[in-house]
Each structure stands twice: as C-alpha cells, then as structure tokens.
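Take a look at the structure below.
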Amino acid sequence: MTVGKSSKMLQHIDYRMRCILQDGRIFIGTFKAFDKHMNLILCDCDEFRKIKPKNSKQAEREEKRVLGLVLLRGENLVSMTVEGPPPKDTGIARVPLAGAAGGPGIGRAAGRGIPAGVPMPQAPAGLAGPVRGVGGPSQQVMTPQGRGTVAAAAAAATASIAGAPTQYPPGRAGPPPPMGRGAPPPGMMGPPPGMRPPMGPPMGIPPGRGTPMGMPPPGMRPPPPGMRGPPPPGMRPPRP
C-alpha cells in the first residue's frame with residue numbers, strides 16, 4: 001500500500017504503543033510496521049490480561065507475559081494509543097567486552113610492501129645472481145653457433161668443387177704446392193688437352209745422380225763382357 005509521508009501511522013514508527021484487542025488483552029510494544037489491513041508488528045512486546053476470580057469476594061488480578069516479536073491481526077485490533085517515546089538507541093544492543101578499554105596503541109591500516117626505512121635482505125654469498133643488465137653473457141656468446149659453422153662449411157665445399165679460390169683467414173699460409181707432376185715451369189708449354197704427360201722425371205728437374213748411366217739397378221748382376229746393357233729409360237731397344 002502506498003502511504004504518504006504525512007500519515008499518522010508513519011509518525012508513530014518506533015514508538016511504544018498500547019494495542020487493545022477485542023477479547024480485552026493489551027499488547028504494549030515498539031511499533032515497527034503495518035499494512036493496509038492494519039496488521040501490526042511489535043517488538044519487545046508484553047501481554048497484559050485480566051483474570052476474573054471464581055468467587056465474587058476475590059479481587060480481579062492482572063497477569064503479564066513477555067512475548068518479544070509479535071504480529072497482530074488487524075481484524076482483532078480495537079484501538080492504539082501512545083505509551084511512550086521511541087528509545088534513544090534503536091540499533092543492535094552491544095555487549096561490553098572484557099578488556100575493551102582504549103590502550104596506548106594507534107590503529108592504522110595495514111600497508112602493502114616493505115617500509116622505506118627497512119633494509120632489504122640480501123642473499124648469502126654465492127647464491128645471489130647477477131644484477132639485471134650487468135654481468136650477463138654478451139650477445140656474441142648467446143648467438144647460436146651451429147648455423148654459422150654449417151653455412152661456412154657448405155660455402156667452402158661449394159667453392160672447392162666449382163674451382164673458385166678458397167679464401168683463408170689472415171695469419172694462415174695458403175694451400176701447399178702440388179706434388180709430383182704439376183704445372184710446367186714458366187716459359188714452357190704443357191701437353192695438349194686429353195694427352196697424358198710423358199713418363200720420366202718432371203720437366204725442369206735433372207735426373208738423379210745416384211746411379212750412373214748404363215749401370216744396372218741394385219740387386220741385378222751386370223751383363224757379361226761384350227754384351228750391351230739394357231737401353232736407358234724412355235728409349236726403344238735397337239732392332240736386330
């Protein structure tokens with residue numbers, strides 16, 4: 001139900017009210033709520049009822065009962081009167097705690113982090129890592145070496161197959177000279193393409209002086225007197 005602010009019922013909220021019912025009972029309690037049917041809610045309510053004596057000689061006595069929170073039906077309500085003003089403390093009753101007296105301490109909110117004046121704890125020697133940005137490995141050390149090595153080896157193999165000159169790092173000697181029958185000395189022409197070079201000592205190198213001409217090799221007997229020895233290397237024997 002819509003109730004205006006100027007309603008008399010709203011003006012008596014939290015007052016101590018005396019409610020009289022049709023059967024003569026009286027309810028005294030703190031008025032808290034109501035509705036359009038005049039159903040009431042009373043808290044801290046006490047019930048008072050009059051008991052008639054059996055004999056006419058005895059006086060009528062009144063009985064009191066403590067009920068607490070009560071819901072009264074509006075159809076049984078006869079009248080409502082103000083019993084007293086609202087109590088001073090309408091909140092929840094507080095129970096005093098032992099030792100709750102104020103002390104010398106100061107209440108403050110719990111802070112986050114470490115205060116500025118407290119020194120930072122340090123790790124034991126040997127367990128502390130390098131400072132960020134200082135003492136770490138260089139970029140060259142962290143670069144993977146596998147790719148560069150494989151690429152260099154592949155380039156060297158390709159250059160050797162194609163016949164391109166291989167570049168050697170500074171401080172190292174070049175390739176060793178060719179052994180055996182290599183290129184002819186300067187000023188002389190080599191054999192034409194497709195022909196094998198002639199047998200015998202390399203061109204430009206005199207024959208060995210260890211064995212004179214006409215002497216048999218070591219381990220062979222010389223020919224008997226009057227017979228010619230074998231022809232020198234590179235010459236055909238005479239026809240008979």
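Using the three backbone atoms N, Cα and C, a Cβ is placed for every residue, glycine included.
As annotated by Swiss-Prot, compositional bias 'Pro residues' applies to 172-205, 214-240. If you look up Swiss-Prot, you'll see 4-86 marked as domain 'Sm'. Residues or ranges marked as asymmetric dimethylarginine by Swiss-Prot on the basis of similarity to another entry: ARG108, ARG112. Taken from Swiss-Prot, the feature dimethylated arginine applies to ARG108, ARG112. Annotation comment: Swiss-Prot describes ARG108, ARG112, ARG147, ARG172 as omega-N-methylarginine. The region 'Disordered' annotation in Swiss-Prot covers 163-240. Annotated region 'Repeat-rich region' per Swiss-Prot: 175-236, in sequence order.
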Neighbouring C-beta atoms (10 Å sphere around the C-beta of ARG108 (asymmetric dimethylarginine)): 6
Number of helical, extended and coil residues in the domain 'Sm' (4-86), per DSSP: 7 helix, 47 strand, 29 coil
